[in-house]
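Pulled from Swiss-Prot, these are the features on record:
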- Cys93: active site, nucleophile (ACT_SITE)
- His179: active site (ACT_SITE)
- Glu181: active site (ACT_SITE)
- Ser233, Gly234, Gly235, Val236, Asp237, Ser238, Ala239: ATP binding site (BINDING)
- 16-205: domain 'Glutamine amidotransferase type-1' (DOMAIN)
- 206-403: domain 'GMPS ATP-PPase' (DOMAIN)
Amino acid sequence: MADSAGLDQPEPSPRPVLVVDFGAQYAQLIARRVREARVFSEVIPHTTSIEEITARDPLAIVLSGGPASVYTEGAPQLDPALFDLGLPVFGICYGFQAMAQVLGGTVARTKTSEYGRTELKVLGGDLHSGLPGVQPVWMSHGDAVTAAPDGFDVAASSSGAPVAAFENRDRRLAGVQYHPEVMHTPHGQQVLSRFLHDFAGLDADWTAANIAGVLVEQVRAQIGNGHAICGLSGGVDSAVAAALVQRAIGDRLTCIFVDHGLLRDGERGQVQRDFVAATGAKLVTVDAAETFLQALSGVTNPEGKRKIIGRQFIRAFEGAVRDLLGDSTFDSGIEFLVQGTLYPDVVESGGGSGTANIKSHHNVGGLPDNLRFKLVEPLRLLFKDEVRAVGRQLDLPEEIVARQPFPGPGLGIRIVGEVTAERLDTLRRADSIAREELTTAGLDYQIWQCPVVLLADVRSVGVQGDNRSYGHPIVLRPVSSEDAMTADWTWVPYEVLECISTRITNEVAEVNRVVLDITNKPPGTIEWE
């Protein structure tokens, strides 16, 4: 199982399009959109030097937006030497203004700021060729480019931006004042793709799936003849990370699965059956449900529950690791710890430069200092949807690859109130019904996540049969999202909701009311606790 059979032969790591982050909330989204155009991309901070950029051997540069004014003291600066590299460059919002200023254009504060949906008028050029002459875009600016640099054609304007887009085909330079990366700009992806493929001349030949072989070889080179462990949660990230490492080093990987008793119905069996069957990985299961329940007894504060669950998880994982280290079969010890860190975590921690310490958002990130491992993070350059693509390339079961996000503390934070064995059983049965009906209705790929919440400290009066009931409410929380930073509530057909409600109130005796949460994020978080 240590070979990479079935995968494409590994190729060199792809040259990236570098997204220079000027403090934009959308920098990661820009990188995602570039990858959706089938070109590999990475985010780097605006403090990255020209020498560092050159060393990365990029295919092109995208300058992100940002909250500052180019005239504000201390505002992020753009090194003019960037334009001496001969690389294609595309500026967005603040990056567009910084680009204009450095190249000799004029940036000024106009009388009209633009925030939100704005009408863009196309004046010519190639960026918007074939697109509507007047189209909606998403703007967020106070300053504006009032004169394009010499040699640039003005491609579009708006009421608050005399120069809302410019381009220079000969130098492969272009930019826009609006945000092409957001869904509120309907033709934005076409504009970005046109720059990448037509202006920059880049091939659309990158996908997450076709780098699975590369990732396997990178892991094999990093671990060599060593042994590794991986904390397996049953989620997509840890499962794909473990599968990659197992493909690279075979039975020198041991996965540890801590069953804290807060899982949904059937999840333990899924991990033990489907994951092991698909990968052949060695799996150690730790039964810790009773320990977790004892620690959570009497606790109702959400943050308190999270801390207790995290602390107990670390202790259970640590105990399993110590048992392994005491096993004589590990003569050389265990040197490596596999984690399912994803690219958003790398960027948010300041790791985009490749030099900063990377935070760990996974449960095993809190291991004591005296248990020192070298980190293996095979997914650290991928987004969630790309991780799923790699998982499919590795032939992981669809039940694992397409699994909806599930919080580390599990059902413990989907019970509003104290966590008890009885309440877990009630929630587990209600959750199982909801998931079953959503799957039957074919909604698994339309709903990003659907938390089912038990309001354990709330009761309401009802009538079940000829008797008065006094049961708990269950909350359904279907949402759609790309990265969990924002989320919209998702419409579910009424007949599906009716079926879920009827089954839960009929089959789960402790529940007599089912309600629907239709709150977006913000203001509401996806999870209730």
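All residue numbers here begin at 1 and follow the chain in the order shown.
For all residues, glycine too, the Cβ spot is worked out from N, Cα and C.
What you are looking at is a predicted structure, and each value in this text was computed from that prediction instead of being measured.
The most densely surrounded of the recorded positions Glu181, Asp237, judged by C-beta neighbours within 10 angstroms, is Glu181. Annotation: His179 are the recorded positions among His179, Ser233, Gly234, Gly235, Val236, Ala239 whose CA atoms are within 10 angstroms of the CA of the residue listed as 'active site, nucleophile'. The distance from the Cα of Ser233 (ATP binding site) to the Cα of His179 (active site) comes to 37 Å. Recorded residues Gly234 (ATP binding site) and Glu181 (active site) have their alpha carbons 32 Å apart, per Cα-Cα distance.
Cα of Gly235 (ATP binding site) to Cα of Glu181 (active site): a distance of 28 Å. Most Cβ neighbours within 10 Å, among the recorded positions Cys93, Ala239: Ala239 holds that distinction in the structure as shown. For the pair Val236 (ATP binding site) and Glu181 (active site), the C-alpha distance works out to 26 angstrom. In this structure the C-alpha atoms belonging to Ser238 (ATP binding site) and His179 (active site) are separated by 33 Å. A Cβ within 8 Å of the Cβ centre of Ser233, Gly234, Gly235, Val236, Asp237, Ser238, Ala239, the residues given for ATP, is found for these other residues of the same chain: Leu232, Val240, Ala241, Gly340, Ile400, Arg403. For Gly234 (ATP binding site), the count of additional Cβ atoms within 10 Å of its Cβ stands at 21 [all protein chains shown]. A gap of 35 Å separates the Cα atoms of His179 (active site) and Ala239 (ATP binding site).
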